[in-house]
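Novice: So that we are looking at the same thing, I have put the structure below in structure tokens.
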Amino acid sequence: MLDQLVLDLSPTPLPGFDNFLAQRNSEIIAALTAEGGERFVYLWGEPGCGKTHLLQAWIAHAELLGRASIYLDAKHEQLPDFAREASFIAVDHVDELAPDDQIMLFSIYNSLKESGEGRLLMAGHQPPMQAPVRDDLRTRLGWGLVFEVKALSDDDKLAALRHHAAERQLAIGDDVFRYLLTHWRRDLASLIGMLDMLDRYSLAMRRPITVPLVKNVLQTAPTES
Amino acid sequence: MTEPENFWPACLTRLEEELSSQQFNTWIRPLSAEAGDEGVVLYAPNRFILQFIKDRFLARIEALAIELLGEVSVELRIGAAAGAPVAVARPAPASSAPRSNGTPAASVDVESAVAKVAANAPAVAPTAKQTAVKAIGGGHESTRLNPSFTFDTLVTGKGNQLARAAAMQIAENPGDPAYNPLFVYGGVGLGKTHLIQAIGNHVYLKNPQAKIRYIHAERYVADIMRAYQHKAFDEFKRYYHSLDLLLIDDIQFFAGKNRTQEEFFYAFNALIEGGKQVIMTCDSYPKQIEGMEERLISRFSWGLTVEIQPPELEMRVAILMKKAEADNTKLDHNVAFFIAQNVRSNVRELEGALKRVVAYARFSNQSITMELVKEALKDILAAGNRQVTIETIQKTVADYYKIKLSDMHSKKRSRDIARPRQVAMTLAKELTSLSLPNIGDAFGGRDHTTVLHACKTIAEMRGNDSEIAHDYDTLLAMLRN
């Protein structure tokens, strides 16, 4: 039998502060949205704890305020010199800045500091004093407000999965979520990705999303995403 | 087919339909356009918008141009179209952000106005030259000094009292050959910039006519490049050679930049010969800067070289109290003491910790107590406690010097083994909170006086043997990561 073809119509919700689960991280959001708050913020935490989400939500927030903003991912691109002209600058994965880019970020930091305007939000895996970057940049990471982004608890993840499923109008029982939490990678990005995959798979197979279906998918899915 | 002059309005209508009002007002509305037979020129008020348009919207605008005008080119420039109405950059009032955010709209206006002036001025070259050689005008602004960096706001302690005394001398008497140049070195985040800017501010206060310029070395390098590109090199030279006081920060950025070093060499000579004061900071002792010309290094030591050392506990407490006072924050002495005890590495981290405490107090609507501080700094403290173990240190050092790990514990005393062992002991003292007897034990049951001797020897050698100094700093950086 031919598989049912699935049109790619799935809506992707944009990262925003309101769809970030913030029970343990509400202080961060308060700091990021405060008017006249600290202009330099560094977030750190394990991969999958939601740093990139926060950075992008912050950029979306800046655009709502009508401010020129830019999101830069050190993992994938070089930092452009013109970035310093934006008033909200987000730099993701500072652990992976190439040596020249470290100088660029250093220089951007200094020009923002000197001008007294603009905001800089940076994120990395390590606490500032252990970040693998040049000394003068490392101390600057720790100069502003520093937050550890706490990974979600299992209950938080359950809530996130329920929320994500509801956004997509999927009726999925809690037993499925619990099964995923114990049998699949436990970071939220992988979990959400799996949920999306299940969504497509269930449409193609014309079967509801149940634990047996999930078992079926997990057996065929690559174990590392 | 649309007439060229109607192209942009038609294009705007289409884009307004396609994009969110947010995107449209932020990026598209600030543009102005000139459409002619030979093509369309779009003007962006600044480089940032230009780059963004290029990345995100140019392809769409080009498609619209082909649809509306036929096969034409679309070019992006900075500036404003000749006939563009003045209000073009202002977002439509209905859709603009709430009034409390009036500033962004205003700043866009100013920027586009500046861009218009620049575009309408007959000669564009002089403006470019002026940006290449900034701050020729007078007033405190032109010095690029931060007015809050003064001797009064500088906390003094053992680590910087000598440097401060020298700085005061120079501030009173700039150009005195005994102190010219002043070379201030020390680790990052210890207050070098504050100290030298305090000199600049003091000199300015005494003599507002003095031509003073503070610049970061990284900017100086960029300015030289820009001066070349705009063929404004003579102005650049004249400007720097005419200063009464040049303060240049983080000179280690010149390493490996030969052209910059050469230009700086001339500027340096001209200033010193003219009896003008030159002040530099660096993260290391002059002789240890790698990739710096010998003739510069020797000149750096002509005057006075002073070191700033990390602040001791009392000084860290004083820094916190002063900072809190400046921010109108009430901080108890014992609370400041607790923070200072736990955050040791540098002044920036110390200030960051205080900011976190203040932010947390505001967030949770509580006053700053010991409990609150412990809660606010929980993750910072936990990160700091993620200590390097003595085993890691021994392994890292052994790998680095390519000796066996067992040599760390052995009784061998040949230099090629004893020296790395001493380095490892010194690192253990610096990076762990183990007592000296404990460290001795970990190195094959040695006495604590042996550890003490190792620390003294290595400290001395770091002062006069650049190889050991380099090894030590490299290992320190490796272990901290």
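Each Cβ is built from the backbone N, Cα and C atoms, and glycine gets one as well.
Automatic prediction, not curation, is the source of TrEMBL annotations.
Sharing the record's features from TrEMBL:
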{"type": "BINDING", "residues": "B:G189, B:G191, B:K192, B:T193", "note": "ATP binding site"}
{"type": "DOMAIN", "residues": "B:178-307", "note": "domain 'AAA+ ATPase'"}
{"type": "DOMAIN", "residues": "B:389-458", "note": "domain 'Chromosomal replication initiator DnaA C-terminal'"}
{"type": "REGION", "residues": "B:1-97", "note": "region 'Domain I, interacts with DnaA modulators'"}
{"type": "REGION", "residues": "B:362-481", "note": "region 'Domain IV, binds dsDNA'"}
Novice: Near chain A: which of the binding-site residues B:G189, B:G191, B:K192, B:T193 have their Cβ closer than 8 Å to one of its Cβ atoms?
Specialist: B:G189
Novice: Count, for each of the binding-site residues B:G189, B:G191, the other C-beta atoms lying within 10 angstroms of its own C-beta, and report the residue with the smallest count.
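Specialist: Each of the binding-site residues B:G189, B:G191 was scored by Cβ atoms within 10 Å; lowest is B:G189.
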Novice: What other residues of this chain sit with their CB within 8 A of the center of the CB atoms of B:G189, B:G191, B:K192, B:T193, the recorded ATP site?
Specialist: B:G186, B:V188, B:L190, B:H194, B:L195, B:T281, B:I308, B:V347
Novice: If you average the pLDDT over the domain 'AAA+ ATPase' (B:178-307), what number do you get?
Specialist: 92
Novice: By DSSP, what is the split of the domain 'AAA+ ATPase' (B:178-307) into helix, strand and coil residues?
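Specialist: Grouping H, G, I as helix and E, B as strand yields 69 helix, 25 strand, 36 coil.
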Novice: Counting Cβ atoms within 10 Å of each candidate's own Cβ, which of the binding-site residues B:K192, B:T193 comes out highest?
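Specialist: The most densely surrounded of these binding-site residues is B:K192.
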